[in-house]
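**Student:** In case it helps, Swiss-Prot gives these features for our protein:
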type	residues	note
BINDING	Q190, Y218, N223, E239, D299	S-adenosyl-L-methionine binding site
ACT_SITE	C324	active site, nucleophile
ACT_SITE	E358	active site, proton acceptor
Amino acid sequence: MTPEHLPTEQYEAQLAEKVARLQSMMAPFSDLVPEVFRSPVSHYRMRAEFRLWHDGDDLYHIMFDQQTKSRIRVDTFPAASQLINTLMKAMIAGVRDNHALRHKLFQMDYLTTLSNQAVVSLLYHKKLDEEWREAATALRDALRAQGLNVHLIGRATKTKIELDQDYIDERLPVAGKEMIYRQVENSFTQPNAAMNIQMLEWALEVTKDSKGDLLELYCGNGNFSLALARNFNRVLATEIAKPSVAAAQYNIAANHIDNVQIIRMAAEEFTLAMNGVREFNRLQGIDLKGYQCETIFVDPPRSGLDSETEKMVQAYPRILYISCNPETLCKNLETLSQTHTVSRLALFDQFPYTHHMECGVLLTAR
């Protein structure tokens, strides 16, 4: 695979290899055949980052070969959304001959939605001034005149200039209901929107007969919490990143959801609070003992669950675990399988044509 060529003819084979690999990895814990959710074969990534290469008068996006570290010119990127591809051409055309925008520009980050909104961040090794702001505003207006719903952001050391806003609002159809998700530039969002919809619908389906409340650790912008709220009496969710918490609060209001509470704290801190080891000012006014959480949802970073959180989640009758790294999932399952059994297993092809796998397991207490 190269940035400008996707081996779409190999999609089925690469997916079959992942299914076999996941089944083999999970064999010590389950004999279930994974439920498989396919990605679109192209234009599936909603975000992308590129370095910029200044080659005389020419200017173009580049990526680096992971093995050789050599640079690769990228004029089109079929893994990314159609909107990103359109913007790549338009941004180069708008910046190439404009000194204020081009000088010391080293990277562009693109974030797009299925609802055809975009944020493009321009990263610089220089101080950004009023001349830059005026040039960027003119470029933004020119892009909008072409029918592109785009926001531009300038970034430099200790500097961030928003011409109007640093977010876009995604709209996803999830099990017959449109969900609105505010996505903030430079914060985590699901990269493959089509796969995100399938993950949300799978999570809804496996929790459809739930009793009691849901606890979620690492909730981000509320991606799963808000979609799953319809299956539970109440949802209590934790997140540490300020922009994500703010986006989650907006998303609660935008989706008219009244049974979700977001707490800004790390999963490790929350574990201490739940176990009564420490009290936190941030939890004043929240009656943790009043929640009857029979299901816990975790979508941890690639490192998986730490040992204290492993112990904490074992106290819940059901654990819904979305993993972006099956190796650390299996490491966690060495502990979790002592108290729980795997009752559902899914493979989500979030990153086609790469070694990476995303998977989901539902664990029920023995």
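Numbers run from 1 along the shown chain.
Every residue gets a Cβ built from N, Cα and C, even glycine.
Small disclaimer: the values here were computed from a predicted structure and weren't measured.
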**Student:** What Cα-Cα separation, expressed in whole Å, is found between D299 (S-adenosyl-L-methionine binding site) and the residue listed as 'active site, nucleophile'?
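**Tutor:** For D299 (S-adenosyl-L-methionine binding site) versus the residue listed as 'active site, nucleophile', the Cα atoms are 8 Å apart.
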**Student:** Give the three-state DSSP assignment (helix, strand or coil) for N223 (S-adenosyl-L-methionine binding site).
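**Tutor:** Once the DSSP labels are grouped into three classes, N223 (S-adenosyl-L-methionine binding site) ends up as helix.
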**Student:** For a quick check of packing: other C-beta atoms within 10 Å of the C-beta of E239 (S-adenosyl-L-methionine binding site), how many?
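**Tutor:** If we count other Cβ atoms within 10 Å of E239 (S-adenosyl-L-methionine binding site), we arrive at 26.
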**Student:** N223 (S-adenosyl-L-methionine binding site) to the residue listed as 'active site, nucleophile': how many Å between their Cα atoms?
**Tutor:** 15
**Student:** Can you tell me which of the binding-site residues Q190, Y218, E239 is spatially closest to the residue listed as 'active site, proton acceptor'? Compare CA atoms only.
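**Tutor:** Comparing Cα positions, the closest of these binding-site residues turns out to be Q190.
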**Student:** Whole-number answer please: how many Å between the C-alpha atoms of Y218 (S-adenosyl-L-methionine binding site) and C324 (active site, nucleophile)?
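**Tutor:** If we compare the Cα positions of Y218 (S-adenosyl-L-methionine binding site) and C324 (active site, nucleophile), the gap is 13 Å.
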**Student:** Give me the long-range Cβ neighbours of Q190 (S-adenosyl-L-methionine binding site): same chain, 6+ apart, Cβ under 8 Å, in sequence order.
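**Tutor:** Set apart from Q190 (S-adenosyl-L-methionine binding site) by at least 6 residues yet with Cβ under 8 Å, we have M46, N196, M199, N223, Q350.
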**Student:** Which whole-number value in Å describes the distance between the Cα atoms of C324 (active site, nucleophile) and E239 (S-adenosyl-L-methionine binding site)?
**Tutor:** 18
